[in-house]
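As given in TrEMBL:
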type     : residues : note
TRANSMEM : 12-31    : transmembrane segment
TRANSMEM : 51-75    : transmembrane segment
TRANSMEM : 87-104   : transmembrane segment
TRANSMEM : 110-131  : transmembrane segment
TRANSMEM : 143-165  : transmembrane segment
Amino acid sequence: EEIAAASEVLESLLKLVTLIGLVIIAFGYAYSQLALDIYGGSLLSGGSGPVLLRFYCLYVLLLAINGVTECFTFASMSKEEVDKFNYIMLGLSLSFLCLSYYMTSWLGSIGFILANCFNMGLRITHSLYYIWKYYRDSPYRPLSGLAPSPVVICVLVVSAAVTGYSEVIK
């Protein structure tokens, strides 16, 4: 009964953060320049600010998914598994430092955001694998919360296309 409740809550949270993150991406791409123009004027919206904010929208989605999946992972791990995971996190931190140094040298500030995205992707992958193993022998599939319905995907794609077009013709 507790596993069923945990699965339902995890699936609902994953649906929520995925939907919110995809909405942020769909509308954030087109309206990054406008948001920065309203917030800080042409100083922020004229340079690389809109591009950085567009990439940051992706990072927000990954950050939200990572928060939910790691929360479940840590809550359900034994002490030995947490200790082992801390070593994995140390390795991920070192790889992030190296990757952020090289990507920042290569792509500038966008490289730093992309390095963060890559790091979050690795952390999410580890957590998803743990959750998959945790529920492997049960009838519950909480990771299905990461996949939005086709109708939602279509609506977000159309919204992104319309808002992107409106940004171009402004």
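Glycine is no exception: its Cβ is also placed from the backbone N, Cα and C atoms.
Packing against the transmembrane segment (51-75) from elsewhere in the chain are residues 6, 10, 13-14, 17-18, 20-22, 24-25, 28-29, 32, 35-36, 82, 85, 109-110, 113-114, 116-117, 120-121, 123-124, 126-128, 130-131, 146: each is 6 or more residues past its ends and has a CB under 8 Å from a CB in it. Remote same-chain partners of the transmembrane segment (110-131), defined as residues 6 or more beyond its termini with a Cβ less than 8 Å from a stretch Cβ, comprise 10, 48, 51-52, 55-56, 58-59, 62-63, 65-66, 69-70, 72-73, 76-77, 85, 88-89, 92, 95-96, 99-100, 102-104, 142-143.
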